[in-house]
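As written in TrEMBL, here are the features:
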type	residues	note
DOMAIN	29-541	domain 'Major facilitator superfamily (MFS) profile'
TRANSMEM	29-54	transmembrane segment
TRANSMEM	66-85	transmembrane segment
TRANSMEM	97-117	transmembrane segment
TRANSMEM	123-144	transmembrane segment
TRANSMEM	156-178	transmembrane segment
TRANSMEM	184-206	transmembrane segment
TRANSMEM	274-296	transmembrane segment
TRANSMEM	311-334	transmembrane segment
TRANSMEM	341-360	transmembrane segment
TRANSMEM	448-474	transmembrane segment
TRANSMEM	486-507	transmembrane segment
TRANSMEM	519-537	transmembrane segment
Amino acid sequence: MEGGIHPADSSAFRECFSLAWKNPYVLRLAFSAGIGGLLFGYDTGVISGALLYIRDDFKSVDKKTVLQESIVSMALAGAIVGAAMGGWLNDRYGRRFALLVADFLFFIGAILMAAAPNPSVLIVGRIFVGLGVGMASMTAPLYISEASPAKVRGALVSTNGFLITGGQFLSYLINLAFTKAPGTWRWMLGVAGLPALLQFVLMLALPESPRWLYRKGREEEAITILRKIYPASDVEAEIEALKESVEKEIEETGSSEKINMIQLLKTRTVRRGLIAGVGLQVFQQFVGINTVMYYSPTIIQLAGIASNQTALLLSLVTAGLNALGSVVSIYFIDRIGRKKLLVISLIGCILSLGLLSAVFHETTSHSPPVSAVESSHFGNITCPAFTSAGPSATWSCMRCLKGSDCGFCASQTDKLLPGACLVENKIVKDTCHGEGRLWYTRGCPSQYGWLALVGLALYIIFFSPGMGTVPWIVNSEIYPLRFRGVCGGIAATSNWISNLIVAQSFLSLTEAIGTSWTFLGFGVISVVALLFVIIFVPETKGLPIEDVEKMLEERVFQLKFWKKRTPVVKKSAPV
């Protein structure tokens, strides 16, 4: 079957889990490396909850949106550098070494964040964490892909996606666990060092990627590891395919060591692979997923949920759905293929983003009015902007929240009735709560708030199995062996740059054009992403890694993706 397609139907899922009994070594490699995904996911999720309490401890953060965005986005800036460095480290020193460096950096960053005396040190810690996450995000799926049999490669790389979403879910559980603890956010961020330490210890006992070893001339070590991974009936064909791939590199370039960037861009297969891989990584971010993960408690508050703890609890539901979607991906990725999952995922994202846009339009345009009587009830703590507007001014809750340092105290009898526009500070907040009222600073009470939660849930359900995991899987298998590290680094760097742009601009966009128009923009981008997937992304289901290159050479991108591809066996070339 060398050079052919290994059929990957529903048996792939069963075969993946039977590895736990037949060959636990492969599963051990996958889950140990996949802890890199856990680091990625934990950091993505934990900051959304911690930010609510960081704002309470550091008033400068509470008053400045740019500081909030910086605390989130400096980790992304670090991840951009980490992913770029990771590509070079992977090709130069190996996948295992890159993961060990990533764990070390993440651990240092977690300690700095937990001990931060001010926002500046917190931001430095976030940069260190970002460096580690950036390296791990592109190295973990690459390591798993190169150490997995072709038939279950998609399912095993999906375990990395499952651990990303599992890390996000874990972070929300930990956020909830520490809401009443002294030093709330310090515990939330400091616990992040534990999975990094665990992976560091586990990776010390694991081997290097067999394909990296073979390309570096360490054939005996590579063959020994391949014999542990593949059944005896398949291992010789895999070794032969790997040998042919390396020999072809040497024939084309004169060396299997030196990587020439000009040669990389001139190589048709690499260029086509980069278009598909980088495009997927960019669109993964621009359809808006990490605004949901980073700011989900804030989004829930924008929908009219006032309590921090309630917002965190509801965010836990979205994180749980995200993790569940990754399990769905493990089942379907080698059954129906990468491309179909992407198409279904994006169609669902478009519909759910449309729903979110409509709900937020309704909540902002029909927010409860501000009552002069209700406001004067609290005496001299009425918002100065409302007072200076005069008695004839018609204010709503949303107009109040857009005022300088103003908050909305809802009516005692019904939160949808006229309320008070007051000065925003902790004393006023406690005064409002003391009368049994709800206090709003980011969003307004609405009878449609629950629909925003439905929209968020639907978005996660559709996004996670497809756009959540498939871009990482495709990037771990689409590039020729010789360029896999550097191309994976380029794709991961583009992901983190896109992530940074979205995270840094989301809150500012919601303030400038409104939450409704922001989500509508993500929906339009999702439509463009759908067209991109149909035209440029190939189907790699069941293909041995070495055969993906041949498919790109011939540009067999299967535009009619819904039709079943006929397995073909490549005949040996005549001597």
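Just so it is clear, glycine is given a Cβ too, placed from its N, Cα and C backbone atoms.
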Worksheet item: Sequence-remote contacts (6 or more beyond its ends) of the transmembrane segment (66-85), Cβ cut-off under 8 Å?
Response: 43, 47, 51, 54-55, 58, 60, 102, 105, 119, 122-123, 126-135, 137-138, 294, 489-490, 492-493, 495-497, 499-500, 503-508
Discussion item. Should anything in the same chain at least six residues away from the transmembrane segment (519-537) have a Cβ under 8 Å from its Cβ atoms, list it; otherwise answer none.
Written reply: 275-276, 279-280, 283, 286-288, 291, 338-339, 342-343, 346-347, 349-350, 353-354, 356-357, 360, 467, 474, 509, 557, 559, 561
Discussion item. Using a Cβ cut-off under 8 Å, which residues of the same chain at least 6 positions beyond either end of the transmembrane segment (341-360) come close to it?
Written reply: 280, 287-288, 302-303, 329, 332-333, 448, 451-452, 454-456, 458-459, 461-463, 465-468, 470, 514-517, 519-520, 522-523, 526-527, 529-530, 533-534, 537, 561
Worksheet, complete the sentence: Most Cβ pairs under 8 Å to the transmembrane segment (274-296), of 29-54, 156-178, 184-206, 448-474, 486-507, goes to 486-507
Worksheet, complete the sentence: Taking the transmembrane segment (448-474) as reference, the highest number of CB pairs under 8 angstroms among 29-54, 123-144, 156-178, 184-206, 486-507 goes to 156-178
Discussion item. Below 8 Å between Cβ atoms, which of the listed ranges 29-54, 123-144, 184-206, 486-507 makes the most pairs with the transmembrane segment (156-178)?
Written reply: 29-54
Fill in: Touch test for the transmembrane segment (486-507) and the transmembrane segment (29-54), at least 3 Cβ pairs under 8 Å
no
